[in-house]
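Student: My questions all concern the structure below.
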């Protein structure tokens, strides 16, 4: 039984189709099992396990691969400890202009070039080395490839009945645990500028995956997970080639990534997934309040897919016309997609929204 607050939150008129109650899901027919909130508790210890596997993987496997490609860890030269400059760096500016440099040089009785050098060394302290970025990308590539392979093989072998099976449960809980592990790792990884944005994204993803599971939307949610995972590992593979300076391979993987992205986001997602959730589901269960909300979010996600695809195509065409495919594409696309230092605030907002709303697909379906 729900408490007063819980009953309000889990209002059947909002979450469930007409003539369906939570009691119907709690007491299904023999041989039928529906998702339950308690199933998701296993994701927490599994997340710790994934986090531990990541540490071992990056330290021994990914690091060895990086060294074999002549990517050494490298230790950035640390800036000389200075309380005055550190305070300016953390609270005022990381790139002081000439006015700040002159003022600080007089205050510290340093040459302006020495102050400028201190800030350069201090900025470099916070930048991850290519070796570190390679190891992180190799871990994500490995996980995305494995989870996509499992999801694809599982989904093509099962029926379309909306019931919980062990395979579907394992697929869902593993995805959920992975995002829990990303939340854990944020506090041990090198701190980045997008720390808060990514933390909110991971938190939203965890909440939305959990809710879609509890609300018995796991079957179609798993389809969208697979559709989106199809291009993620290709992006990470292209990044690995870029870090290793295999430019031709990098360009080839980018082309494959683009094609898969366009097919999954502009063809499979709208033609099969949206068609099923918006039209076929209408005929089966009819619309209800949460149905409208979910499909609205799916449409927003599709709009962002279109914007993102347009930006990929535009960058690729411009790069090829200029004859600088590899450098141009990867400088602009990767920095934008991964929310690095992009000056175009609108583009950055679009990419952040896309990254955040990708997490919604775990629920809105």
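Backbone N, Cα and C define each Cβ position, glycine as well.
Keep in mind that TrEMBL annotations are predicted by a computer and have not been checked by a curator.
Note that this is a predicted model, so its numbers are computed, not measured.
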Student: Of 138-159, 226-247, 292-313, which range does TrEMBL call transmembrane segment?
Tutor: 292-313
Student: Examine the ranges 169-188, 329-348 and name the one recorded by TrEMBL as transmembrane segment.
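Tutor: TrEMBL lists transmembrane segment for residues 169-188.
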Student: Quick one: find which recorded stretch in 37-57, 169-188, 195-214, 252-272 has the most Cβ pairs under 8 Å with the transmembrane segment (292-313).
Tutor: 252-272
Student: Mind checking how the domain 'Homeobox' (85-129) divides into helix, strand and coil residues in DSSP?
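Tutor: Residue counts in helix, strand and coil order: 32 helix, 0 strand, 13 coil.
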